[in-house]
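Worksheet: the structure to be examined is printed underneath.
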Amino acid sequence: MVRAVAVLRGDSKVSGVVTFEQVDQNSQVSVIVDLVGNDANAKRGFHIHQFGDNTNGCTSAGPHFNPEGKTHGDRTAAVRHVGDLGNLESDAQGNIKTTFSDSVISLFGANSIIGRTIVIHAGEDDLGKGTSEESLKTGNAGARNACGVIGIAV
């Protein structure tokens, strides 16, 4: 079992922890999300970005992690960036506590997310279904509310 964790912070009031667990390189990754400070009852884009660099805040994390050069899509789409994790939805208090599994990201090999940055955005991800060219790159999810580098955990 490999376990990785990211502590998210940013210029907004959003903060929290995202944990990733994978039994072996052939299994799905469990993603455990615990975030606070979001707007109430809101959907927010959730992506893994290319770089583990937060020296200039979340901006220096670069674009979505996309080693296969695909267009943007939903977490469940056949065509998507490796880093596309769709939307998270907050409750009436602005908290997000959820767990899901993903078979595209990995804690092993070429699609490893270790050392990259996880970002929660200020807006809802249109999942690549918008009318602008930006939709196919970012999902028009807006500013980067909070982020954290994904590191190996015990």
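Here the Cβ of each residue, glycine as well, is placed from N, Cα and C on the backbone.
Sequence-distant contacts (6 or more apart, same chain, Cβ under 8 Å) of His47 (Cu cation binding site) comprise His64, Phe65, His81, Gly83, Asp84, Leu85, Ile118, Val119, His121, Asp125, Gly139, Ala141. The annotation Cu cation binding site is assigned in Swiss-Prot to His47, His49, His64, His121.
The DSSP secondary structure for His81 (Zn(2+) binding site) is coil. For His81 (Zn(2+) binding site), the count of additional Cβ atoms within 10 Å of its Cβ stands at 28 [all protein chains shown]. Here Swiss-Prot flags His64, His72, His81, Asp84 as Zn(2+) binding site, drawing on similarity to another entry.
The feature substrate binding site is assigned by Swiss-Prot to Arg144, with similarity to another entry given as support. Annotation for Arg144 (substrate binding site): same-chain Cβ neighbours under 8 Å, separated by at least 6 residues, are Gly10, Gly57, Cys58, Thr59, Ala61, Val119, Ile120, His121, Ala122.
Around Cys58 (disulfide bond), taking its Cβ as the centre, 24 other Cβ atoms fall within 10 Å, counting all chains. The disulfide bond annotation in Swiss-Prot covers Cys58-Cys147 and rests on similarity to another entry.
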Residues within 8 Å of the His47, His49, His64, His121 Cβ centre (excluding the Cu cation site residues themselves): Gly45, Phe46, Ile48, Ala61, Pro63, Phe65, Gly83, Asp84, Val119, Thr138, Ala141, Arg144
Shell list (Zn(2+); ref centroid = CB of His64, His72, His81, Asp84; cutoff 8 A): His47, Phe65, Asn66, Lys70, Thr71, Gly73, Arg80, Val82, Gly83, Gly128, Lys137, Thr138, Gly139
Cα separation, His72 (Zn(2+) binding site) to His49 (Cu cation binding site) (Å, whole number): 12
Cβ neighbours of His64 (Cu cation binding site) where a neighbour is any other Cβ within 10 Å: 24
For His121 (Cu cation binding site), the number of other Cβ atoms found within 10 Å of its own Cβ: 25
Cα separation, His72 (Zn(2+) binding site) to Cys147 (disulfide bond) (Å, whole number): 19
